[in-house]
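Data block below; observations after.
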Amino acid sequence: PASATEAAPNLDALNATGSNGTEALNATAKFVATAEGTALAYGSLVVMALLPIFFGAIRSVTCSKSKNGSDIPETITSRDAARFPIIASVTLFGLYLFFKVFSQEYVNLLLSLYFFVLGVLALSHTMSPLTSRLFPESFPNKQYQLLFTQGTGESKEEMLNYEFDTKNLVSLVLSSGVGVWYLLKKQWIANNLFGLAFALNGVELLHLNNVSTGCILLGGLFVYDVFWVFGTNVMVTVAKSFEAPIKLVFPQDLLEKGLEASNFAMLGLGDIVIPGIFIALLLRFDVSLKKNSRTYFYSSFLAYIFGLGLTIFVMHTFKHAQPALLYLVPACVGFPVIVALFKGELTEMFRYEETPPEDESSKEDAPESEKKE
């Protein structure tokens with residue numbers, strides 16, 4: 001992401017399209033899923049939601065210490081978090097107007113091309129660690145650097161500094177193949193590969209600077225999600241109209257039709273990424289305590305499972321679209337706070353502040369006298 005504030009509308013677009021987490025039964029017409037098909041679909045969505053949160057959180061710990069320009073995370077401040085619901089609402093309503101004014105076919109064509117580029121880059125970044133392990137040590141791995149600057153001399157400002165190697169290029173080629181597959185077929189498996197990559201990269205590269213900022217962000221989006229789902233039909237309309245890999249889908253008729261199934265349950269990526277970046281923050285807090293335990297990470301992770309399960313249960317019981325953050329936010333914030341109260345670490349948790357990698361590197365380069373200060 002270019003910046004935390006620029007990432008906000010993109011993240012919200014993810015959240016807006018599938019905010020209820022499991023509204024496919026409402027979006028799928030004239031189809032009654034079997035109990036087995038429904039259980040398989042929702043169970044698969046839950047598993048797919050947990051994977052990017054778990055591995056994205058782990059990768060965020062390494063990412064927070066990285067000095068590579070391509071891996072340095074973007075930090076969301078309290079000001080960004082406070083503005084997020086406003087930017088989110090404007091983005092969502094703008095998409096709603098676009099679909100009302102312009103042809104849905106042309107809008108989705110432009111969005112498909114846009115997310116094709118983003119998806120290829122996100123999937124390539126996700127696959128790079130795996131593909132690097134597959135190559136033998138004798139593989140001729142050349143290093144490259146893409147550097148883009150503005151100005152000259154002392155006024156030169158670095159705009160882009162991306163380091164990569166031959167193995168990364170192989171990942172890019174493989175990801176491009178998935179992208180072409182998605183563009184030509186709009187196949188749900190290709191959609192999910194891109195969606196998982198988006199979610200994992202979001203959890204890994206978007207960092208909250210402290211727990212208070214996380215509470216502001218989740219609290220604001222809690223109100224936003226409830227209003228746009230229960231107060232208007234805007235979010236549901238956009239969710240049904242938006243054709244882009246910004247949601248995970250799984251067919252409820254897979255058992256009957258196989259890979260040609262077409263009646264999908266869906267989970268918006270915002271319902272993964274938004275709680276996910278808070279869960280990742282708690283993992284980094286666990287690491288900072290240096291107690292070789294991951295109490296807050298696992299408590300928030302279990303809370304996410306509980307909240308998502310409750311969303312599915314309520315939606316299935318009342319047959320109405322549900323804002324997933326209505327259940328996820330209290331669970332993901334409440335469980336760790338209760339744990340911190342029992343352990344007597346609540347003050348310490350809210351005092352925890354992350355230092356951006358560039359600040360740490362500047363400290364290393366500073367004179368010894370400044371380091372002591």
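Glycine is no exception: its Cβ is also placed from the backbone N, Cα and C atoms.
According to TrEMBL, the features are:
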type: COMPBIAS; residues: 363-373; note: compositional bias 'Basic and acidic residues'
type: REGION; residues: 353-373; note: region 'Disordered'
type: TRANSMEM; residues: 39-61; note: transmembrane segment
type: TRANSMEM; residues: 81-99; note: transmembrane segment
type: TRANSMEM; residues: 106-127; note: transmembrane segment
type: TRANSMEM; residues: 205-230; note: transmembrane segment
type: TRANSMEM; residues: 264-283; note: transmembrane segment
type: TRANSMEM; residues: 295-318; note: transmembrane segment
type: TRANSMEM; residues: 324-342; note: transmembrane segment
Cβ pairs under 8 Å between the transmembrane segment (264-283) and the transmembrane segment (81-99), at least three: no
Spatial neighbours of the transmembrane segment (324-342) far in sequence, C-beta under 8 Å, 6+ residues away: 15, 19-22, 214-215, 218-219, 221-222, 224-226, 267-268, 271, 274-275, 278-279, 282, 295-296, 299-300, 302-304, 306-308, 310-311, 314, 348-349
For the transmembrane segment (295-318), distant same-chain residues with Cβ under 8 A (at least six beyond the ends): 20-23, 25, 38, 42, 46, 49-50, 53-54, 57, 271, 275, 278-279, 282-283, 285-286, 324, 326-332, 334-336, 339-340, 343, 349
